[in-house]
Amino acid sequence: MDTSLAEEVQQTMATLAPNRFFFMSPYRSFTTSGCFARFDEPAVNGDSPDSPFQQKLAALFADAKAQGIKNPVMVGAIPFDPRQPSSLYIPESWQSFSRQEKQASARRFTRSQSLNVVERQAIPEQTTFEQMVARAAALTATPQVDKVVLSRLIDITTDAAIDSGVLLERLIAQNPVSYNFHVPLADGGVLLGASPELLLRKDGERFSSIPLAGSARRQPDEVLDREAGNRLLASEKDRHEHELVTQAMKEVLRERSSELHVPSSPQLITTPTLWHLATPFEGKANSQENALTLACLLHPTPALSGFPHQAATQVIAELEPFDRELFGGIVGWCDSEGNGEWVVTIRCAKLRENQVRLFAGAGIVPASSPLGEWRETGVKLSTMLNVFGLH
């Protein structure tokens, strides 16, 4: 295939180097420099302070402080399956920046990179994906499982290496209020994305989470767009899917917090392409918790795997023809004081030289339509396709 991939972006500052971590959120936005130590310990059982993951994390923070790093942070990504190696590291230093100023500078960015797509492949193809959805929907109508999240990929090969810093600027310009991230990986690649979903933020003893489940495509007409949002809010199918997520999260968080506040009904939030049902959680964590114990407790939520978790992940393993790896995982940071912020690794891409892999998923329940879920994942993929100029 010989598709044009032109980047019409604006530059006011140098782009981020591919070996630097970048995280932009309403709570804290920062970049990092250098690498003190990589940390690939699997996050399995990471919700326990006594787990190997948490014990080794604490030891690494102590080492960093002993070497003169005053306020060490652990940054990076944890895969969908926490039994797999983590992609985390402690940088030598970090630098805060203004989210508002970065939003403005990204809109003014003028540097361009022209690339050609030489190959583009959907994994799986549409017919196979729709068969997967039909099978999963049938299973969710049985006592075995209530919800399954199925995903698909797009692999793209370009004629030259891709500048992740240029893409990051365009991603921010197009998705200014998302949780934007750029994660350097040990293999030389980069995980880049604009997540709409906060898994866990912890500041002192207070924590928050805003799970998303249930979505609808935005419309260009303002009246039709609002109608689409209202239909989503009234959708029995989407409300059921959303409630499976929030109920599961409430059950596990109650035991780990002295306070927990959860609205009885979801609200609407938007991205440039989608409406989402969202429920904001607020709470006060027990004293032994840190941002990563709580993030690992929740991850993966039923919004990324399904419910019940074990049955849903078994269906995913049987139906999806690929390993999700970091997709559907979590991205963020945690400091040595237990504060941190972790978002769900969606609306994202993995880049390495001239190779790109995009990811999107959808929650499957008995009322799911195979064609409808193909289209929904297509809208979700459009977030990153738009960044590449492939509408």
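Using the three backbone atoms N, Cα and C, a Cβ is placed for every residue, glycine included.
Quick look at what Swiss-Prot annotates:
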BINDING   Thr140, Thr142, Val145, Asp146  Mg(2+) 1 binding site
ACT_SITE  Lys147  active site, proton acceptor
ACT_SITE  Glu197  active site, proton donor
BINDING   Gly214, Ser215, Glu241, Ala303, Arg347, Gly361, Lys380  isochorismate binding site
BINDING   Glu241, Glu376  Mg(2+) 2 binding site
Output field, Mg(2+) 1 shell: CB within 8 Å of site CB centroid, site Thr140, Thr142, Val145, Asp146 dropped: Leu139, Ala141, Pro143, Gln144, Lys147, Val148, Ala311, Val365, Pro366
Of Thr140, Glu197, Glu241, Ala303, Glu376, Lys380, i.e. the recorded positions, those within 10 Å of Lys147 (active site, proton acceptor) when Cα atoms are compared: Thr140, Glu241, Ala303
Candidates Asp146, Ser215, Ala303, Arg347, Gly361, namely the binding-site residues, that fall within 10 Å of Glu376 (Mg(2+) 2 binding site) by Cα distance: Ser215, Gly361
Alpha-carbon spacing, Thr140 (Mg(2+) 1 binding site) to Glu241 (isochorismate binding site), which is rounded to whole Å: 11
Surrounding CB atoms that lie within 10 Å of the CB of Glu376 (Mg(2+) 2 binding site), all protein chains: 20
Cα-to-Cα gap, Gly361 (isochorismate binding site) vs Thr142 (Mg(2+) 1 binding site), nearest whole Å: 22
Cβ atoms near Lys380 (isochorismate binding site) (within 10 Å, other residues, all chains): 25
Inter-residue Cα distance where the pair is the residue listed as 'active site, proton donor' and Ser215 (isochorismate binding site), in Å: 12
Cα-Cα distance linking Asp146 (Mg(2+) 1 binding site) and Ala303 (isochorismate binding site), given in Å to the nearest integer: 12
Most Cβ neighbours inside 10 Å, all chains, among the binding-site residues Val145, Ala303: Ala303
Among Asp146, Glu197, Glu241, which are recorded positions, the residue with the most C-beta atoms within 10 angstroms of its C-beta: Glu241
Proximal residue to Glu241 (isochorismate binding site) among recorded positions Thr142, Val145, Asp146, Glu197 (C-alpha distance): Asp146
Neighbour count (Cβ, 10 Å) for Ser215 (isochorismate binding site): 22
